[in-house]
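Undergrad: Got these off TrEMBL a minute ago, pasting:
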type: TRANSMEM; residues: 7-37; note: transmembrane segment
type: TRANSMEM; residues: 57-76; note: transmembrane segment
type: TRANSMEM; residues: 88-112; note: transmembrane segment
type: TRANSMEM; residues: 118-137; note: transmembrane segment
type: TRANSMEM; residues: 149-167; note: transmembrane segment
type: TRANSMEM; residues: 207-227; note: transmembrane segment
type: TRANSMEM; residues: 239-258; note: transmembrane segment
type: TRANSMEM; residues: 320-335; note: transmembrane segment
type: TRANSMEM; residues: 382-402; note: transmembrane segment
type: TRANSMEM; residues: 422-442; note: transmembrane segment
type: TRANSMEM; residues: 454-474; note: transmembrane segment
type: TRANSMEM; residues: 486-513; note: transmembrane segment
């Protein structure tokens, strides 16, 4: 299974660089080769319990698929923005690609360093890949961009040491690379933009995303350190939690956002949300769907009898939420993508805050949330945090957040790139959901080495093709320019990756589909 997963990732790398071949292509191929070898070192360390930190069990290290996400995303962003003549975002793509390569190389070197005896072949491959990457960076980056890449690496190292110690069994090495690497890059971007504020430059919704992500991460770090010294489940601690959340929100996050957007953040947000009648209709519709999701949670818990306390929700039951999320995102993508962008940021902040309340058992809702959400746990929620629903939100939102709006002349890229904002809907909302439902109910032929079925994968591919046809009918901004063969190949590769990966598919699949469609 690991070998097939690696071959599929290599297929994505070769497909992208068959279209976009430049000096970074050699780096990507060298990185993929050495990550393939280093992945097996990580897998052995995880099996022997010698991986320094406690990583999520029942999964391989996932180093290769995670290592290629940021480099490939940076490369395709660079090419799209160069074609549009947007130099700033072209250079940002170069920085993203270089940062991703350096972070992946660091994780590989770490695996090689703690493996005993020292693996000679892997050391040589890592050295060659590192030399190629550093040589390319030397001839591609300016001095300020090199410093920026090294800053992200430094933040990543410290953030990994802190969070992997505080949150055991929540991530595999690959998931840690994706999540913590992304947070490190966002933090560095926020610091950089805060120090170089130019009035009228930059989109407020981009600043809103940066501040919200870093705000909730800093909030979690603060309370994690604080509650190591006091009991978090008492009323006094709970009151202190709510009070300090208000103080940090109003005293740190709001002024920080005010400095970036040069206006009152609350007034800007209210004006933005209720700017048009369409936005008002969408907000009412989304409120109804949120209430429906809460209704599903309460109904499933009401069905749980006292004799079956260990009963867990079925796969089909958990996929209800995927259908609700699809129903949430599709109207937003068609009618108002900026509103969807901001609403997804707000929803992420609420989800993370509620997870803090559940994790720290903050009164009055902490224990209730623990009871309600325990029904929906699966083998991927083996650590102290429940992250599956947050990964689902991220998987649907990342294609919207990472869509290079400035490099799309009419708000939409040409060809297959027009489907980029729909990557989460196609890969997770449609593909993963249909594969799970049909695979678990009608699947008989299993893919070698996995529990996933051939019928589930084929049905998922077919469902995504139908979804693309429906998008073409209902979204007039999408113009594929006869790039149907590339879309079919992209959907098929990502669906096969879903069948073989043991990583969090809600997070990984939309990113790979976005990369393929942007290429």
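Glycine is no exception: its Cβ is also placed from the backbone N, Cα and C atoms.
Structural setting of the listed features?
TA: Listed as Cβ neighbours of the transmembrane segment (7-37) (distance under 8 Å, sequence separation of 6 or more from its ends, same chain) are residues 63-65, 67-68, 71-72, 74-76, 78-79, 97, 101, 104-105, 108, 119, 121-122, 125-126, 128-129, 132-133, 136, 139-140, 489, 493, 496-497, 500, 512, 515-516, 519.
Taking Cβ pairs closer than 8 Å, the transmembrane segment (207-227) reaches residues 162, 166, 183, 186-187, 189-190, 193, 237, 241, 244-245, 248-249, 252-253, 256-257, 260-261, 265, 269, 341-342, 345-346, 348-349, 352-353, 356, 360, 401 in its own chain, all 6 or more past its ends.
Here the transmembrane segment (239-258) has Cβ contacts under 8 Å with residues 194, 207-208, 211, 215, 218-219, 222-223, 232, 264-266, 353, 360, 362 of the same chain, all six or more residues outside its ends.
Note on the transmembrane segment (320-335): residues 278, 282, 285-286, 289, 292-293, 296, 343, 389, 392-393, 396, 400, 421-422, 424-425, 428-430, 432-433, 474-475 of its chain, located 6 or more positions outside it, place their CB under 8 angstroms from a CB of the stretch.
Sequence-distant contacts of the transmembrane segment (382-402), counting only residues of its own chain at least 6 positions beyond either end whose CB sits under 8 Å from a CB of the stretch, comprise 56-58, 73, 167-171, 209, 321-322, 325, 329, 333, 337, 340-341, 344-345, 347-348, 351-352, 355, 358-359, 373, 376, 420-425, 427-429, 504, 506-507, 509-511, 513-514.
Long-range contacts of the transmembrane segment (486-513) within its own chain (CB-CB distance under 8 A, at least 6 residues past either end) are made by residues 1, 4-5, 8-9, 11-12, 15, 58-60, 62, 65-66, 69, 73, 172, 174-175, 178-179, 380, 387-388, 391-392, 394-396, 398-399, 415-416, 419, 423-424, 426-428, 431-432, 435, 447, 449-450, 452, 456-457, 460-461, 464-465, 468, 480.
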Undergrad: Which sequence positions outside the transmembrane segment (422-442), separated from its termini by at least 6 residues, show Cβ-Cβ distances below 8 Å to it?
TA: 315-316, 319, 322-323, 325-326, 329-330, 333, 392, 395-400, 452-453, 455-457, 459-461, 463-464, 467-468, 471, 491, 494-495, 498-499, 505-506, 509-514, 517
Undergrad: Do the transmembrane segment (88-112) and the transmembrane segment (454-474) share at least 3 Cβ pairs closer than 8 Å, excluding pairs fewer than 6 residues apart in sequence?
TA: no
